[in-house]
Amino acid sequence: MIHITNNLKLFSWNVRQGGGKRIEKQLNLMSELQPDLVALQEMTTKNIDQYTQALNEIGLHHIIDTFTLSNDPSTLSGPRKNGLLIASKWSLEILNDFVIPWEERVLGVKVDSPFGHIELYNSHVPPGSSNGWVKIDTFKGIFNKLARDSDNHRILCGDFNSPQLEMKDGEIITWGQTLHTDGSWRTTNKSIEWDAGERSVLEHLSDYDLEDVYRSLYGFAKSDYSFILKRKDKVFPRRFDHCFASERLKPLSFKYLHTYREQKLSDHSPIIVIFQPNHPGTKHDEEMKMKSDKFSYSEGEFKVLKE
């Protein structure tokens, strides 16, 4: 029996601006994992060339970053100094026409993959604690752009700095809600718009075939996190890093790789998502099957029937 793998592997990580020996270790991890697509957040102008060169050396020859695309590089300082990068095995077409406050916080491309065109969107939503309504206006801009039907496969991934908490019954608590020590929460009239802004992406893009991959695979009974928020002597695990994707991409697994955050390579755990999409020309709601008097093929398994 011969097993044919037709998987698509996505790697996404907030690298915490790289820096020093961390960059080399981060890049070694990417080399070991051999992803097809890479989406990185918190890039800087100081290290972008080092990442680009190393990713090119592991076969990701098609690379684009938001520094290159910036209409006004002079604005990329202070809270806007960080950028995004996408690297791919296959050619890219830029799709960067989001209406958001800080243009460098979303990077969109169309990937010419063997599975058909894939729209890949990499995002780093600014934290609201330090940037106020820029966060919500970014969520709104992402939703307004992606809340549509598409003939292409689509993936939205990155660091969203949200939600505040996820309950086992499926309830999501946003930063627009007040969470009490007894476990209850409330939404005030002043925070309704904030709450709705976060939910527009976290919950409502599923109406447009952009499902939360982690939840679609594991439900709410399983909990995980990608970042640990520290306040005084308390720690609060948060699942800030996400991947939303088209159902027909057929996600197989989603993992938060905590070891690398624990080794202080970043303050975020990287994510690795594996898909098994159909090739062009096959119906996504049916098994891909072939059969003859010599072999049969069904969903990645090839059997020789007779010599």
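Placed from the backbone N, Cα and C atoms, the Cβ positions cover glycine too.
If you look up TrEMBL, you'll see 12-268 marked as domain 'Endonuclease/exonuclease/phosphatase'.
Here TrEMBL flags Asn14, Glu42, Asp159, Asn161, Asp267, His268 as Mg(2+) binding site. When secondary structure is read from DSSP and collapsed to three states, Asp267 (Mg(2+) binding site) falls in the coil class. Residue density at Asp267 (Mg(2+) binding site): 15 other Cβ atoms are found within 10 A of its Cβ, drawing on all protein chains shown.
For Asn161, the entry in TrEMBL reads site 'Transition state stabilizer'. Taken residue by residue with DSSP, Asn161 (Mg(2+) binding site) is part of neither helix nor strand, so it is coil. In sequence order, Val125, Pro126, Pro127, Gly128, Lys135, Phe240 are the residues near Asn161 (Mg(2+) binding site), counting only same-chain partners six or more apart with C-beta under 8 A.
Under the heading site 'Important for catalytic activity', TrEMBL lists Asp241. Annotation note: Asp241 (site 'Important for catalytic activity') sits in a strand segment as assigned by DSSP.
Residues annotated as site 'Interaction with DNA substrate' in TrEMBL: His268.
Around the Cβ of Asp159 (Mg(2+) binding site), the same chain contributes Asn14, Gln41, Glu42, Ser123, His124, Val125, Phe240, Asp241, His268, each under 8 angstroms and 6 or more positions distant in sequence. The recorded positions examined here are Glu42, Asp241; by Cβ neighbour count within 10 Å, the least packed of them is Glu42. Those same-chain residues not listed among Asn14, Glu42, Asp159, Asn161, Asp267, His268 yet with C-beta within 8 angstroms of the centroid of the Mg(2+) site C-beta atoms are Arg16, Gln41, His124, Ser226, Phe227, Phe240, Asp241, Ser266. For the binding-site residues Asn14, His268, the largest tally of other C-beta atoms within 10 A is found at Asn14.
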